[in-house]
Amino acid sequence: MAKAKFERTKPHVNIGTIGHVDHGKTTLTAAISKVLHDKYPDLNPFTPFDEIDKAPEEKQRGITINIAHVEYQTEKRHYAHVDAPGHADYIKNMITGAAQMDGAILVVAATDGPMAQTREHVLLARQVGVPYLLVALNKSDMVDDEEILELVEMEVRELLSSQGFDGDDAPVIRVSGLKALEGDPEWVKTVEELMDAVDESVPEPVRDMDKPFLMPIEDVFTITGRGTVVTGKVERGKLAINSEVEIVGIRPAQKTTVTGIEMFHKQMDEAWAGENCGLLLRGTKREDVERGQVVVKPGTNTPHTQFEAQVYILSKAEGGRDNPFYSNYRPQFYFRTTDVTGVITLPEGTQMVMPGDNTEMTVDLIQPIAMEEGLGFAIREGGRTIGSGKVTKILA
């Protein structure tokens, strides 16, 4: 039995299964878990189908989503795999997703070929910035005709290319999740091949720690005799004491130097991604900064007011609006730590948006906010969440 030793130094990669309902996403997820468990028992517990299928509910930015998280390891990597059973859950996770995927396995049943939701999922993956797709041609055990398999593969490749993915070179692996789950050696091998392809082809993500420093400001206060302190959770990067920073968003950008870093009342030399800390700012007055701005490495982030977004609007049952809205609707957009009013323009041909819909839109904010493509936000009305979205393109 091949034994891989557990190393914390392994790269961590977030992936997921996407594709049309009933094409076998959850069965394949369970099969991956089982095949890797059998291959590396020390590294992987087996997560059975029914555990993934009854995906637990979780809340992301006020929206309830049923989603299953499965962890497993290959020899090279540690994976966190998300599987959203329902089509609506999948869409909600893509748009609001805390689980940002570094790559996804597009599951297409060889018996059906690409269907409506296959197309919708690929389009959405492109819009929300999933960087890489590869294909599992599932249920291949049920198709005897090689020509049909080749046709389906061609169709899937064309679909990927049409949405800006690498349709020519993306790995397309013929698998049978069900047969692999039953332990059929021929089909177990195909799932091993699929995971080798995931290892080789899904690019390793840049870790949060290696990105330029960014901390959203949650609170501002004055320490007598020392100056102004801003607190928040470091979103990415790291910052050493005496570094120059820029404060961006809402008002004109200003530069200052961080003369002290404090965490849980202890002095620190550095602030790292994921940590809650206070930054002491040289020569900055209490009234110069406010919640909703961000502290960044100079020159790495600019404030914007106009952007395109992909948005999910809550249904009435989820606590959303009870009626549709139209262009020129002016709700609040909650970015990181603050609400800013924005004016919505719906795409041509869309008259109105109903609760429960997902849509594209253009937004004009009344104040500039530090943002980049892929940034998530909530849409709020009178303090309650009515929608959630991601910035897909910055316009101004």
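Note: Cβ is positioned from N, Cα and C throughout, glycine not excepted.
Annotated GTP binding site per Swiss-Prot: 19-26, 83-87, 138-141, in sequence order, evidence recorded as sequence analysis. A sphere of 10 angstroms centred on the C-beta of Lys25 (GTP binding site) encloses 26 other C-beta atoms. Annotation note: Lys25 (GTP binding site) sits in a helical segment as assigned by DSSP.
There are 23 other CB atoms within 10 A of the CB of Thr26 (Mg(2+) binding site), with all protein chains counted. Swiss-Prot lists Thr26 with the feature Mg(2+) binding site.
The domain 'tr-type G' annotation in Swiss-Prot covers 10-206.
Residues or ranges marked as region 'G1' by Swiss-Prot: 19-26.
Taken from Swiss-Prot, the feature region 'G2' applies to 62-66, supported by similarity to another entry. Same-chain residues lying 6 or more positions outside the region 'G2' (62-66) and placing a CB less than 8 Å from one of its CB atoms are 55-56, 84-86, 89, 92-93, 96, 312, 314, 318-319, 378, 384-385, 388.
If you take every residue in the region 'G3' (83-86) and average the pLDDT, you get 81. Per Swiss-Prot, the feature region 'G3' maps to 83-86; the stated evidence is similarity to another entry.
Within its own chain, the region 'G4' (138-141) is flanked in space by residues 23-24, 27-28, 107-111, 149, 174-179, 187, 190, which lie at least six positions past its ends and keep a Cβ under 8 Å from the stretch. The region 'G4' annotation in Swiss-Prot covers 138-141 and rests on similarity to another entry.
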Remote residues contacting the region 'G3' (83-86) - C-beta distance under 8 A, at least 6 residues beyond either end: 16-17, 21, 25-26, 29, 52-53, 55, 65-68, 70, 92-93
Report, in whole Å, the straight Cα-to-Cα distance of Thr26 (Mg(2+) binding site) from Gly19 (GTP binding site). 10
Around the Cβ of His87 (GTP binding site), other Cβ atoms found within 10 Å total 14
From the Cα of Thr26 (Mg(2+) binding site) across to the Cα of His87 (GTP binding site), what is the distance in angstrom? 12
